[in-house]
């Protein structure tokens, strides 16, 4: 039983003094003992990238062999550029860092320029000077895709789990490729993409939606929630409604990103445009401004 629960039960039963501050988590206290999603509103994408890159750098200073989960797409690029700049300047040693994918298209060969393996190698692994052995991801070209999904879950567990998982968010609230109505307990599995998601990703395939695969392997929401720290980055007004539903709406499978509300250490970093529909934007500004900087994200 969690130690916090023991203390609380003893107090309720009259067997001890009231606890000073008791935070229940899923078994392991987060670094700061959070119980709610922290929202950080920044001026622009570059500022968001810098904040998250510094969180990654701080993690690597404390745990040089940390496993970083990365997302693809255009939104996280400022994060990777900022982390690469920190490594080049000698601010952080990334030589022992490990990288893992969130998802992969099914049916694209590993060498295809838009396979997520190729994208992560090109945008993260190679700029950081890491070798391919430091990188792991699901096999989207496997003959037995369900077996490949189960194998990837095992590999993540055997690697000690993800220390920090960077996430993007779709206009419909999806994370990874967990589309609306995905089980909040789901594991790594094959998913069929909605037409909206395929249309959103067509920009990476010369604007041709017909080139975008129909299926992907994605870490499930349950798999994602096992990471020690979840950091979601969203920029632009198109993501504003999804961000508002994620942070201020109910926990629901219709908004997969709302599952972050269940995590003991989840951070949502948004620019002003993506924060434009948050009812509590002023509160989020105030709490972050008053936060001791030594706490980090």
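Quick reminder: no glycine exception, Cβ is built from N, Cα and C everywhere.
The feature domain 'Glucosamine/galactosamine-6-phosphate isomerase' is assigned by TrEMBL to 47-263. The active site, proton acceptor annotation in TrEMBL covers 103, 174. Here TrEMBL flags 172, 179 as active site, for ring-opening step. If you look up TrEMBL, you'll see 182, 189, 191, 192 marked as site 'Part of the allosteric site'.
Using a 10 Å Cα-Cα cut-off from residue 172 (active site, for ring-opening step), the recorded positions that qualify among 103, 179, 182, 189, 191, 192 are 179. Candidate active-site residues: 103, 172, 179. Fewest other C-beta atoms within 10 angstroms, 172. Under the DSSP three-state reduction, residue 192 (site 'Part of the allosteric site') is assigned to strand. For the pair residue 182 (site 'Part of the allosteric site') and residue 189 (site 'Part of the allosteric site'), the Cα-Cα distance reads 11 Å. Straight-line distance linking the Cα atoms of residue 189 (site 'Part of the allosteric site') and residue 174 (active site, proton acceptor), rounded to a whole number, equals 15 Å. Of the listed recorded sites, namely 182, 192, the sparsest CB environment within 10 A is found at 192.
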